[in-house]
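Features reported for this protein in Swiss-Prot:
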BINDING   9, 50, 72  Mg(2+) 1 binding site
BINDING   9, 137  Mg(2+) 2 binding site
DOMAIN    1-145  domain 'RNase H type-1'
């Protein structure tokens, strides 16, 4: 199984308001190969962008891989590492407080992708000295800047 390292970051300008612009940045690494992806969207949230980055990155892999996935998103990392996703599925896509899970469609896509790959989710501190997390942040901001033009 190929070993792949993935860094993702999502961002949203005007999060929680109308007419937002959001984006994500992804760095995929396999051996000596490195691929960078950036994409921007209208009317989104930071959490949708964080989750979309992970879904997009895993979707790009053409065969099952062993993956270390680094993100500064507590939303994404906790949903996996603290078994929120498993509990949501068991509870018919309801949270512990019985409200509907937000971004259910994206979580369902991620759940399907996780059946294909072996993924270790690792939390990194955002806006610190992590080279690849910082690169993903820069890619997301570039995508938003270019989208605004």
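Just so it is clear, glycine is given a Cβ too, placed from its N, Cα and C backbone atoms.
Taking the C-alpha positions, the distance from residue 137 (Mg(2+) 2 binding site) to residue 9 (Mg(2+) 1 binding site) comes to 6 Å. Most Cβ neighbours within 10 Å, among the binding-site residues 9, 137: 9 holds that distinction in the structure as shown. Cβ neighbours within 10 Å of residue 72 (Mg(2+) 1 binding site), excluding its own Cβ and spanning all shown chains: 22. Taking the mean position of the Cβ atoms of 9, 50, 72 as the Mg(2+) 1 site, the remaining same-chain residues with a Cβ inside 8 Å of that point are 8, 10, 11, 24, 49, 53, 71, 73, 76, 126, 133, 136, 137. In the three-state DSSP assignment, the secondary structure recorded for residue 50 (Mg(2+) 1 binding site) is helix. Residue 9 (Mg(2+) 1 binding site) falls within a strand when secondary structure is assigned with DSSP.
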